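Here's what Swiss-Prot has on this protein:
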type: REGION; residues: 1-292; note: region 'Pantoate--beta-alanine ligase'
type: BINDING; residues: 44-51, 162-165, Ile191, 199-202; note: ATP binding site
type: ACT_SITE; residues: His51; note: active site, proton donor
type: BINDING; residues: Gln75, Gln168; note: (R)-pantoate binding site
type: BINDING; residues: Gln75; note: beta-alanine binding site
type: REGION; residues: 293-525; note: region 'Cytidylate kinase'
Amino acid sequence: MDNVPIIRTVSGLRHFLRCFPGNLNTGASPSSTVIGQIGLVPTMGALHAGHLSLIQRARQENQCVIVSIFVNPLQFAAHEDLTEYPQTLNQDQALCQEQGVNTIFAPSTDTLLADAPLTQVIPPASLTEYLCGPHRPDHFTGVATIVLKLLNIVQPTRAYFGQKDAQQLAIIQRLVQDFNLDVTIVPCKLIRDATGLALSSRNQYLNAQEAQQATILHHSLQAARHTFQGGSCDRNSVLATVAQTLAKGPQVEVEYIDLVDPVTLQPLEQITTQGLVAIAARVGSARLIDNMLLDARLPILAIDGPAGAGKSTVTRRCAQAIGLQYLDTGAMYRAVAWLALDQQVEVSDPFAIADLVEDCQIELKPHADPQQQPQVWVNHQEVTQAIRTPDVTALVSAVAAQPPVREALVKQQQRLGRQGGLIAEGRDIGTNVFPDAGLKIFLTASIEERARRRQQDLKNQNLPPQTQSELEDLIASRDQQDSQREFAPLRKAYDAVEINTDGMTIEQVITRITTLYQERFPDRA
């Protein structure tokens, strides 16, 4: 087998991308995990298991995977380890080959930085005034500049970054937001070795004794989590625990410990939703960073699957059984349809509907009776009953078919999910709306089983019957339509638990999901 190609020029990479075959939705099945066309994994080389975990996820989620290898001089200060940074291109190429990478983009410094002085990207000061920022003053400007160049050159659908570099991740997410870049930044979990040491290319600088000493960083974070889980959510208690543990490592020279908001990177006095405990320390010649997210929120449960798999009924019942808020996404689309009628906006006009939905605020409040529909407000006007009228019902499908509506409502759903404690169902909840959901379920059933259930529903509702064969054809057609639609196709999240409900009662399905939830979150059950 030929080695994965190494492309060193921008023109060469663009030629490769033009020639790469494939359409995202051609031949896709509902259980496919492919949700992007091009996945980019930016690295500085010296690949290790942490990098490989990013590549493996990119391989599961994209048709084409590109790994960039560039030791970026802009992010190194004069006294730092640019010249010593490990470069192992042949070994990296072999690892990429094993993981099914399509190509490596390994430009030279002259290729990316030929026209110095370079136009640079300066992140907001609020994102660099704490953690590593004061200790590495120009580092994040260098990172943001090169990442923006890579995103522009590769034009990926999705780009993968590790959560070990939490400050870098927050800055890149903000960069994508501020520059309106059409790419999804995918945070990937921090990978540790058997001792708990966070994997890093700079771990190569550690001798055996130093590597053992370095594990105390993780031990201190575990101690912080224990303190947090014991009910101490204030800054002083959490950081004192970290400091006390780190003090037991005589070879560990602490640069900083801090507790910050994981998005704004501003210091926290109290963890009310999420807090990031971050450490930087020197062990021997190696500068090491590590972090841990402390989450006070209830988890989010995402349920996806094809039509007719029983998602709606199961999701509502699970919400009641577990104690999560059911996020009625259908009510949100009804709210937009009501607003379009109220404002006399033509729903077939994508520009008018985009303007309408961009400025509207939808609020949902659970009914005291979990069997009842939630209360709904649009722009502070209560519309719970108004969105259930026949006129609104007749308009919902046309409204939901507009990509601007879906895009805007996904943002609002994500806003509602910031406090956690939600359960939602759909076709892209776990892949698009809540990709960081604590538990993802892909609920499915055979076409034959779904047709049988539909036949029974028709009978129970005294509706005209259809044959099993007719219903199977309709369901197969719906599956194909949902999995091959251009915008938000039905996909199984790479980390979803698949439950085939053939032969299962609703009660059995609910028991299976609630058991999974209790096993994953024993302290929240």
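The backbone N, Cα and C atoms fix where each Cβ goes, and this holds for glycine too.
Locations of recorded Swiss-Prot features on the structure.
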| residue | record | Cβ within 10 Å |
| --- | --- | --- |
| Met44 | ATP binding site | 17 |
| Leu47 | ATP binding site | 25 |
| Gly50 | ATP binding site | 21 |
| His51 | active site, proton donor | 26 |
| Gln75 | (R)-pantoate binding site | 21 |
| Gln163 | ATP binding site | 18 |
| Gln168 | (R)-pantoate binding site | 23 |
| Ile191 | ATP binding site | 18 |
| Ser201 | ATP binding site | 19 |
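In the predicted model, residues of the region 'Pantoate--beta-alanine ligase' (1-292) average a pLDDT of 95. Nearest neighbour of Ile191 (ATP binding site) by Cα distance, taken over the recorded positions His51, Gln75, Gln168: His51. Taken residue by residue with DSSP, Leu47 (ATP binding site) is part of neither helix nor strand, so it is coil. Counting only the Cα atoms, the space from Gln163 (ATP binding site) to Gln75 ((R)-pantoate binding site) is about 18 angstrom. Looking only at Cα atoms, Ser201 (ATP binding site) sits nearest to His51 among the recorded positions His51, Gln75, Gln168.
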